Amino acid sequence: MTAFLPAPALLSPPRRSRYFYTPLSCAKTAPQPSQSSQTSQPSPVASPSLADTPINTFCGFAALVGPSNSGKSTLLNRLLGQKLAIVTPKVQTTRCRIAGLATSDATQVVYLDTPGIFPASSRLARAMVKSAWKSAASADAIAIVLDVAVMFHEGRRQDIRKLVVPKDTETVMARVAEKRIKGHQAEIKLCANKIDAVPEEERPFVEERMHAVMEKTGLEEAGAQLHMMSARYGNGVDEFATWVKERMPMGPWLYPEDDLTDMPSRLLAAEVSREKAFMVLKQELPYEIAIETTSYKDLADGSIRITQDVLVARKSQKMIVTGRGGAVIKEISMRARHELAEVLGSTVHLILTVKVRGKWKEDRRQYEQWGLDFNA
Ligand SMILES: Nc1nc2c(ncn2[C@@H]2O[C@H](COP(=O)(O)OP(=O)(O)OP(=O)(O)O)[C@@H](O)[C@H]2O)c(=O)[nH]1
Ligand SMILES: [Mg+2]
């Protein structure tokens, strides 16, 4: 195995303009070329704003799906070369689909990071899981991202022969395989992630075990390929990106070349604060909060003023999130402000207000702003 690349918490800050999204088309999937454009004829220019797009371009969707905490968001950030999706050691961090755009040569890949797939009982959980499956359904390439480190029982050598594949993981694999066998066109990679946490001499066994599970779940029959990787350190990620790129269909780009995401700046800012809240708050509390950006203003001096509501369900939760003398919310705010300043390349004034909004999980508006189906 080649040497692991360093894993910066925050990769190089983007040029600020890359965060301002300007979709060139509202089409859900990349428009297919006409018969003639598949030959040496140039693709028709779909709109005046596409005039700068190179002719004979390729564009498509690649969905990153899998159980919670397997490293999907870490992989998205690594593929983009900078941080877009929030990442925490806790399960169910990602709540909605996050599109990251990777444009190089003639190809634009729209990577879709998705919420983890897990047995969902609440309305929010059902909406999250549905959003993940929806992304997979519209993709040209699907990566099932698995955490092999967790199966490896934290590296205890004596357990390696008992390597257990969690039930959730098998379910995801079997369902993707079933769709492919039933005629879904997307090609599949099974990304065995966190391979850095498995001792080198044990990796062949992990590989062997993964093939056995692929056989059992129908993924082998569906033509899926196994790919060992470390999203955190970058091993195997370039090869994966090349595989994805080669699977994108011909068609005009959906976004300008320099864009990083279609995510509105307000949602991006709320996600940064939510990551910090996830890290600072203990136990179940992170799952009880939502963050809403209420204003986002570019000021004359070049700085940005952002106000956000931190929504909790009960008064007792408000007390914990606020902390004694406001210590907890100040800590969340300070961490979020630092990261936002780095990401946006400007001084950021961030004002967080903790509010009790009893039923935010039953509020249709919250789901709409995340692009989730309220009735999932
Ligand atoms: N050792 C190791 N840890 C990783 C790797 N990839 C991700 N992680 C860690 O795994 C944890 C979960 O990563 P995420 O990227 O948030 O996982 P996710 O699949 O997006 O999780 P959800 O959004 O909750 O579904 C974090 O602590 C990451 O740092 C890897 O390649 N190696
Ligand atoms: Mg995630």
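Including glycine, each Cβ sits where the backbone N, Cα and C put it.
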Among ranges 92-96, 152-156, 232-236, 262-266, whichever one TrEMBL labels region 'G2':
92-96
Same chain, outside the region 'G2' (92-96) by at least 6, Cβ under 8 Å from its Cβ: which residues?
68-69, 72-73, 85-86, 113-116, 118, 124-125, 128, 131, 275, 278, 287, 370-372
With DSSP as the yardstick, break the region 'G4' (193-196) down into helix, strand and coil residue counts.
2 helix, 1 strand, 1 coil
With DSSP as the yardstick, break the domain 'KH type-2' (281-358) down into helix, strand and coil residue counts.
33 helix, 27 strand, 18 coil
